[in-house]
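Trainee: Take this structure first; my questions come after.
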Amino acid sequence: MHTENTAPGGRVSATAAAWAGGCAAWLAAASALAYEPASAAPGRINDPAAGWDHLWHEVIVDITIIGVIFALVMAWFLWRYRARKPGEVGTQSKLSPAAVIGWAVIPTFIFMADDFYLAANGWKLWNDYRDVPADRMEVKLESGMYSWDYTYANGVRTQNVLRVPAGKPVMLRMTSRDTLHSHFIPDFRVKEDSMPGRVTYLWFYPKAPGEHVVSCAEYCGVMHSYMAGKIIVMPEGEFKTWLDQEVAKLAPADKAVDKSAEKTADKPANPPV
Amino acid sequence: MSFNIKEWIFTTDHKRVGVLYLIGSIAAFGVAGIAAMLMRIELSTLGPTITTNPTQYNVWLYAHGAVMILGFQIPALTGFFANYCIPLMIGAKDVAFPRVNALSVWLFYVGIILALLTFVVPDPPDVMWTGYPPYSTITTGNTALYSFTVLVLGFASIIGGVNFLTTVAYMRAPGLKWSNLNIFVWCTLGAFVLQLIFVPVLGTAVTLISFDKYLGTHFFDPSRGGDVLTYQNLFWFYSHPAVYVIFLPFIGVVYEIVATFAKNRVFNHKVVLWGGIGGIVILSGEVWVHHLYVSGMADWIRIGQMVTTLLISIPVGLLVISLAGTLYKGSITFETPMLYALGVLFLFLIGGLTGIPLALTSLTLHLSDTYYVVGHFHYVMAVAGTFAIFGGVYYWFPKITGRMYNERWGKIGFWLTFVGVNIVFWIMMTVGVKGMPRRYYDYSAFPQFESAHQWMTLGAAILGVGFLIAVANWIIGAMKGAPAGDNPWRSQSLEWTTVSPPPHGNWPSPPSVDPDWTPYSYERR
Amino acid sequence: MSHEVGAVHGDHGHGAHWEWSMWPAVASLGILALALAFSFHFVYHQSFTAVITLGIGVVMVLAGVAGWTSEAMGHGEGLSFGAMGWFILAEAMIFVSFLGSYWFLRLGAPFWPPENTPEIPKVLPIIMTFVLVGSSFTMHHAEALLHQGNQAGFRTWLIITLAMGAAFLGMSAYEWNHLIHGGFSISTNVYGTFFFSITGFHGGHVIVGLSIFLAGLPSALRGQAEPGFWRTAGLYWHFVDIIWFFVVSQIYFW
Ligand code: HEO
Ligand code: HEM
Ligand SMILES: [Cu+2]
């Protein structure tokens, strides 16, 4: 099951999701374990990394405004109402019933409006993260203490270094052979845990050639902080050459083995994903 | 006054139990603080600095996180403050079950002994305060110690909660209505309700990892049909509400201080109770998935709980408005407790508002498990929570000891800490946004952050000196401070109407109050 | 040890006497010993030390409970009934966590029960249900008699309740034994894990309930049963019985 790829962020659907999330929590969580990435329409690519920077900026402005307003009001009160002579007491009078309600309801609605605004934007970007472009390269990742083991569709395997062509979205289907790990690529603003018994995924959009750090972001044991790797984005042609060389090095048996591995990974037997 | 040792350590009196809680939790704070300093020193250079063994760092980090939360903040807030203040605030002579109270503080000591054994046993636990399997079930570290620490401290807290809920329900002074209870009492009751509902879930979670590890069960073992995510759900089902178990009492302490030093009525008292505290208690059980945004939970539940998480800003915002409103038309003075309380007011804004980006599932795909998160929760706990605790100790210090601390040193200590925490935890958030992952013994993959880490270590040294000054101030004040009088702050609240320090039984004759009395009615004087 | 609960002492506490009790400390340190025993045995494989610490722990916990009971029995403040309500809320949450985890797993599993699960006999749990639920009614009846001041009748029905509780435990032990000998244990698969831990955990509660009864039994036999104590004990017993419905329906019949 997955979030429908409808126009994101309607107020009604956001509230509905909130209630659904709150009420049926346990049961519902259980019944929704199986989920699959949605594929965005061919040719449509919403790069989440760019979206992230945009939304981050927006949210920081939002919370800074709120924080500064509150801080200024409080600072003003502190100055204005500092005690002038000893023995003085405050003179605030009791709120009228109308004021009590007003001071509860009006802020509630203002805050709620901001919350829904933020939720809608967050959801929109979330959909970009979860709708993997149809035109993508898929790589399988098995993480373990303490390495990242990638397997390309044609059976080529690499460790700790993932080479990808520039200009093509890359999707990782991830699992783990021992503890939790999290494949974190700061430059692409994305991470997702991998764990034994389930398959998770993430995708990113490398546009230009270059190198990017990968690090483990879920505590996985003694050498957690040394579990680093890199992603090398290569010009398309160079990547092809490299991949062909690697395929040539593969023994025929390996290729066959990898075909079967591919099938099970799509529908892992136990437990389901 | 004669000092009878067994009447202290075996005491069943709520005030002495409270003081024992205070001593234990401040000691725990000291040890966990030393672990923090060791980590900061270790991180001050790229690569190994003071230890070449990553496990050593991981053990410090485990001990720091677990002890700070379970051994310092929760016991200080729901152990010390609740014990010392609640019976006095409601005009009771003691709690409903004094022996259960003694059991609770003794179990607390057993819990911190178990936690501190981390530093001496072979193969200490290295599972972090979250204890996630499968690592916690395959490590050579002593996961059982983690499980038992959590269980014992959790049980201590549950029986404390039962005790206080009963006490407030049945032992209020004649004439004292529910709606006129101190806000601190309400906040703490809210926290206890959360503890009663959610601690058992945590207890189950940590029991099950020890079962899996030592008794051969398969709760979290996918190869036999188990599921690792079950643990994370159970754990956060408790540990998110736990942050409100910390938040509610500390904001209650801040209320008492702000109302007293502004000599003012609390702004919108009713809404604080029903909208603020009630809202938090109700919402806090529906947001735990925001700690699982990158863990592979189903998409739709991440979206649902993004919305509930954001909605928490409403009750918390109502509390902030009411605190700010309490300053309005007040008559404000700035003694040390008030400085700490104002520190909370300003810095909690930073901590709370930086939770907002984290609430957004999509932003968290980058932010989760980075120093940004570490910065966020240190602002809310290490800064706001600790300031509230320190401010509260200063505030009730004259009541507890009958003496006064040194005002000048109190202020110096405050300002040093204030500067220090902002250096450390602000920088943490900035490096986090740039990608610095948490729980890293060595950040060689990110050499660009070395100077930032050095600044953080410097800031930690400054704030450490500030805290030391505060603790020294209390010790010296308790021994030779000037006599303080019964009500040095001219507060209206009931605990100040008895002598300082209060005798066993609290009042020579039990108090009663008028129906229109409130702890914050200043203008009637 | 002092018993002056509620004595209000005079001015400024000078020379005043502060209450204290060492039994909570004894019991707590016993729990510390138990925790250490677990580590000695399972983590450090020092069985001898483990047995010693276990012995010390058990003795201290029992001494703590006994000392406490003898010191406090009859000095109850009459608030324990309300407190028990809160305590039960906490207890119920443990069962919620177990059952929640069970549903989470079960609903996500491709097939259920997992491989290697034998057929679990269904008749015994039905009999057990009748016995346990029946004991709730007998307990209720006993309380009602006590309320009317009928100590002798109370005693009879209390003993019947105790016997039914014990019978329930006996049947549970028989069933466990049967299954374990058939090769199905807590470590067979995740169903075994849940089956034994949930029924075991519920059985533990039955034992606690019976222990509370036993703690009050001496005074009941003397014809001095205290209604407040028995009302609270009865509340706990009813809770244990109600929880069984959830256990039996989820674990055996779903
Ligand atoms: C006392 C402790 C405390 C408190 C009070 C909070 C408060 C909040 N926290 Fe934080 N947290 C705390 C302690 C922690 N948090 C964590 C992690 C954490 C994560 C997970 C990050 C991750 O691991 O990926 C999220 C999403 C949040 C969100 C929030 C939110 C939304 C709030 C809200 O309650 C804040 C509400 C306050 C606000 C918003 C400011 C005041 C309101 C105003 C001024 C009204 C107007 C505002 C708006 C309309 C926005 N927290 C962790 C990490 C645990 C670990 O992994 O080890 C800890 C310990
Ligand atoms: C007094 C100054 C403090 C300093 C300098 C400090 C410093 C640190 C550092 C360096 C880390 C490790 C970050 C990492 O490697 O991921 C950390 C983690 C942590 N700190 Fe603090 N801290 C302080 C106070 C506190 C307080 C008062 C609390 C609590 C209430 C607290 C709670 C935590 C927690 C929960 C963690 C996470 C542990 C984990 O990842 O398992 N800290 N702190
Ligand atoms: Cu949370």
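Note: Cβ is positioned from N, Cα and C throughout, glycine not excepted.
Residues or ranges marked as domain 'Heme-copper oxidase subunit III family profile' by TrEMBL: C:21-254. Taken from TrEMBL, the feature transmembrane segment covers C:22-44, C:50-69, C:81-103, C:123-142, C:154-174, C:194-215, C:235-253.
Buried or exposed, and what's around them? Tell me for each listed feature.
Mentor: Tertiary proximity for the transmembrane segment (C:22-44) is limited to same-chain residues at least six positions away from its ends with a CB under 8 Å from its CB atoms, namely 1, 50-51, 53-54, 56-65, 67-68, 71.
Proximity of distant same-chain residues to the transmembrane segment (C:81-103), defined by a Cβ-Cβ separation under 8 Å and at least 6 residues beyond the stretch ends, is recorded for 194, 197-198, 201-202, 205, 228, 231-232, 235-236, 239, 243, 246-247, 250-251.
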Trainee: At a C-beta cut-off of under 8 Å, are there same-chain residues at least 6 beyond the transmembrane segment (C:154-174) that contact it? List them, or none.
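Mentor: For the transmembrane segment (C:154-174), the list is 124, 127-128, 131-132, 134-135, 138-139, 141-143, 145-146, 199, 203, 206-207, 209-210, 213-214, 217, 220-221, 223, 225, 230, 237.
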Trainee: Need one number: mean pLDDT over the domain 'Heme-copper oxidase subunit III family profile' (C:21-254).
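Mentor: So the average pLDDT across the domain 'Heme-copper oxidase subunit III family profile' (C:21-254) works out to 87.
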